[in-house]
Amino acid sequence: MILVLDAGNTNMVLGLYEDKNLIADWRLSTDPLRTADEYSIQVIQLFLQSNLRLEDVEGVIVSSVVPNIMYSVEHMVAKYFKKKPIIVGPGTKTGINIKYDNPKEVGADRIVNAVAAHEIYKKPLVIIDFGTATTFCAVTQSGDYLGGAIAPGVKISSEALFEKAAKLPRVELMKPSSVICKNTVSSMQAGMTYGYGGLVDHIVSKIKQELMDSGEKEPLVVATGGLAKLISEESETIDIIHPFLTLEGLRIIYEKNKDLDA
C-alpha cells in the first residue's frame with residue numbers, strides 16, 4: 001500500500017492506495033505547531049478505525065504548501081512508518097513541463113493536480129482547485145504547465161467580511177434559494193456562492209480563449225477541492241469534478257519516482 005499526503009494551508013488530506021485503487025482517505029486540520037508524535041496519534045487512530053496496519057505501507061509521498069509543517073510530517077513518517085517519504089519539489093519527476101518564469105514558485109498542489117489531470121484526460125486543461133486559495137491552471141495537451149491565476153478562496157473571503165465589517169456575521173457556506181435575499185446571512189451566502197460562480201466562469205473563459213488562441217483545442221475544465229460541488233452548481237464552464245485529483249496525482253508521481261528514490 002502507498003500512503004499519499006497533501007498538506008494544504010487549512011487541511012491535510014491523506015489517502016491510502018492499493019495498486020491504483022484508493023481504499024481510504026482522511027482529512028486532518030493543518031497545524032504547524034503540532035509535533036510528529038501528535039500527528040502520529042491521529043494517523044494511527046485513523047488506521048485502526050479502518051482496520052489497516054501501518055506496517056503494510058510500502059511507500060509514502062508528500063506534497064505541501066506549508067513549509068513549517070514539513071519537519072513534523074517527515075519525522076512522523078520516518079518514526080512510525082519507517083520510511084523516507086518522497087517530497088514533491090524541485091527535482092521530482094512529474095512528466096509535465098513547467099513553463100512558469102520561476103518553476104520553484106509553483107505550489108506543489110498545483111503541480112500534482114496538473115500531473116493527475118494530464119495523465120487521466122490527455123486533453124488541454126483548465127484545472128480549478130477550491131482550497132484556501134482558488135487556483136486556476138492551464139495545461140496543454142502535450143503536458144506543458146503554462147501557469148494560471150490565483151483568487152482568494154471562498155472561505156477566506158467570507159471570513160474577511162466577518163473580520164473587517166463590524167455588523168456582518170460569520171456564515172455557513174451554502175446557496176440560498178434566491179439571489180435577492182431578505183436578510184444579512186442569506187445575502188452574504190448569495191454573494192459567496194452566486195458571485196464565485198461568476199468569478200470562476202469569467203476567469204475560465206479567459207484562460208480557455210488564450211489556450212485556443214495559442215493553437216490548443218477547446219480545453220476540458222476540471223474542478224477539485226472541498227467546495228467544488230457547491231460552486232460548480234453556479235458555474236457554466238466546469239465540465240468535471242474530480243474530488244480526489246490531488247491524491248491521484250501524488251500516486252502517479254510516486255510511481256514515477258519510487259525507483260529513483262530507492
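From the backbone N, Cα and C atoms, a Cβ is placed for every residue, glycine too.
According to DSSP, D109 (active site, proton acceptor) sits within a helical segment. The active site, proton acceptor annotation in Swiss-Prot covers D109 and rests on sequence analysis.
Under the heading ATP binding site, Swiss-Prot lists D6, A7, G8, N9, T10, N11, M12, V13, T132, citing sequence analysis as support. Of all Cβ atoms in the shown protein chains, 24 besides its own fall within 10 Å of the Cβ of D6 (ATP binding site).
As annotated by Swiss-Prot, substrate binding site applies to Y100, G107, A108, D109, R110, T184.
If you look up Swiss-Prot, you'll see D129 marked as K(+) binding site. Counting only residues at least six positions away in the same chain, the Cβ atoms of D109, R110, N113, T135, C137, A223, T224, G225, L245, T246 sit under 8 Å from the Cβ of D129 (K(+) binding site).
Taking CA atoms as the reference points, A108 (substrate binding site) and G8 (ATP binding site) are 10 Å apart. D109 (active site, proton acceptor) has a Cβ environment of 28 other Cβ atoms inside 10 Å.
You'll find the Cα of T10 (ATP binding site) roughly 26 Å from the Cα of T184 (substrate binding site). According to its DSSP assignment, T184 (substrate binding site) is helical. Ranking the binding-site residues G8, G107 by other CB atoms within 10 A of the CB puts G107 at the bottom.
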